[in-house]
Amino acid sequence: MVLQTKFATIKGNDLYIDGVKATDLASQYGTPLYVMSEGHIRQQMNELKTKFLDKYENALPLFASKSFSCLAIYKLASEYGIGIDCVSAGEISIALKAGFDPDKIYFHGNNKLPSEIEYALSHDVTHFVIDNFYEIELCEKIAGELGKKVKATVRVVPGIKAGGHNFIMTGHKDTKFGFSSHYGIYLKAIAKILNSENIEYEGLHAHIGSQVFDLYAYISAMNKFMGFVDEIYENFGVVTSKVNAGGGYGIAYNKNDEPLDFEVITSEIMKVIYGHYDEKGWAHPAVMIEPGRYVVGNAGITLYTVGAIKEIPDVRTYVSVDGGMADNIRTALYDADYDGIVANKAGETKTKNVRVAGKCCESGDIVVKDVNVTANIMPGDIFAVFTTGAYNYTMSSNYNQLPKPAVVFTYEGKTKCVIRRQTFDDLVAYDVTEDYK
Ligand SMILES: Cc1ncc(COP(=O)(O)O)c(C=O)c1O
Ligand SMILES: N[C@@H](CCCC[NH3+])C(=O)O
């Protein structure tokens, strides 16, 4: 077992997060509970600021807020002066409610709805990562009607396979995202934008995948993009003034994961981009990155209460907890490999191998596939699962009508609830009784 953040510590038999005892959190807020270390989030956002925003001229790191989206996180991002990547009008609406600067919001998505485009533009969110030809038509029309200009970065697929699972690879040929770089397809998109009245071409966008550990994939994607920049110049005489190098920075979920260093990834990306522009004698472009998981993933620890423990002779022991795939779909969806600990027996030797299962009515409802715990584990213990800060709360559901857990931030020995636990009333909040008419 490895604690994936310095903000989680073990003293005696107890797990502490930002100096707060996990069992105190569980008794105060109930379980299952998403705990997010604000100390960790601040550390990561500060890294984005000091090692990217402040380090390079005209650079902007974006936090990919699909990984964790709520008022509190947008307020924190705002404090560090970083931008955000939003993938729906819903995410944009939360960011705006948090007071986020619309000029630092980049609107992504492979099927932005007309209503979403209208919503974004009428709220002064004008930076769009353009994904497809239909979107170009929609933007041209809707921006014209609203008297707005869309500032476009064009998402191009470099043809590179990278990422932690097939479902989260986006840089290879067979993907629903972006314009293909084959047969000059992306050049046709840029021609259309250059000929449009209400869309301004600013640059290119790359996102090769998520949970990436391969530095070479980033370097080769950027090299390919410099080829695209040249082709754009040759075809249209336009120097691309913005390059968004995407996110996807892999983090450690277990002891086998070996994440790349943030500065290694970013300096290699910058070397390729600046090197190319210097060679051409062009002014450096604005460069953006957009990690999500890297910012919040290791900040998250989910606390569960242990319930039934079932020993199946010659097979394994199942430890069931009071949450499951409704609060963490990633094990079922991506075969993700989590690590965890009995938070109230953290100092005890871990001699018993178990599988931690959820309480949903699915055999695939596994939280931790395989973990060594104290042999003394019993109902009522608090089981903590690490690295649940990214794509857990945002991908949660009410499957089996489980109310969604609360999200609590911890910081310097203190706690605050940022999303309250759902109640049974919330489960019927959208049900209406109507007669047929
Ligand atoms: C376009 C885009 N940018 C950024 C991200 C963030 O990815 P990650 O959380 O792996 O950094 C994603 C998700 O893969 C994405 O699709
Ligand atoms: N939801 C995915 C990442 C997808 C990132 C967005 N394109 C995960 O949990 O790993």
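We count from 1, first residue shown onward.
Each Cβ is built from the backbone N, Cα and C atoms, and glycine gets one as well.
Nobody curates TrEMBL annotations by hand; they come from automatic prediction.
Per TrEMBL, the features are:
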ACT_SITE  Cys361  active site, proton donor
BINDING   Gly248, Glu290, Pro291, Gly292, Arg293, Tyr391  pyridoxal 5'-phosphate binding site
BINDING   Arg293, Arg330, Tyr334, Glu362, Tyr391  substrate binding site
DOMAIN    40-296  domain 'Orn/DAP/Arg decarboxylase 2 N-terminal'
MOD_RES   Lys66  N6-(pyridoxal phosphate)lysine
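In the structure shown, the C-beta of Arg293 has more C-beta neighbours within 10 angstroms than that of any other entry among the recorded positions Lys66, Arg293, Arg330. Highlighted here would be the binding-site residues (Arg330, Tyr334, Glu362) whose C-beta falls below 6 Å from ligand 1, but none qualifies.
Not one of the recorded positions Gly248, Glu290, Pro291, Gly292, Cys361 places a Cβ under 6 Å from an atom of ligand 2. Listed in sequence order, Pro61, Leu62, Phe63, Ala64, Asp85, Tyr106, His207, Asn244, Gly246, Gly247 are the same-chain residues six or more apart from Glu290 (pyridoxal 5'-phosphate binding site) with CB atoms under 8 A from its CB.
Neighbour density around each Cβ, counted as other Cβ atoms within 10 Å, peaks among the binding-site residues Gly248, Pro291, Gly292 at Gly248. Summed and averaged per residue, pLDDT over the domain 'Orn/DAP/Arg decarboxylase 2 N-terminal' (40-296) gives 96.
Neighbour density around each Cβ, counted as other Cβ atoms within 10 Å, peaks among the binding-site residues Tyr334, Tyr391 at Tyr391. The recorded positions near Arg330 (substrate binding site), taking a 10 angstroms Cα-Cα threshold over the set Lys66, Gly292, Tyr391, are Tyr391.
Around Glu362 (substrate binding site), the same-chain residues at least 6 positions away in sequence with a Cβ under 8 Å from its Cβ are Met325, Ala332. Listed in chain order, the residues near the pyridoxal 5'-phosphate site other than Gly248, Glu290, Pro291, Gly292, Arg293, Tyr391 are Ala64, Lys66, Ser67, Ser210, Gly247, Tyr249, Tyr294, Val295, Gly297, Ala390, each with its Cβ within 8 Å of the site Cβ centroid. In sequence order, Asn400 are the residues of the chain that are 6 or more apart from Cys361 (active site, proton donor) and have a CB within less than 8 Å of its CB. DSSP assigns Pro291 (pyridoxal 5'-phosphate binding site) to coil, not to a helix or a strand. Our reading of the pyridoxal 5'-phosphate binding annotation (Gly248, Glu290, Pro291, Gly292, Arg293, Tyr391) yields a largest Cα to Cα distance of 15 angstrom. Classification of Tyr334 (substrate binding site) by DSSP places it within a helix. Of Pro291, Arg293, Tyr334, Tyr391, all annotated as binding-site residues, the residue with the shortest Cα distance to Lys66 (N6-(pyridoxal phosphate)lysine) is Tyr391.
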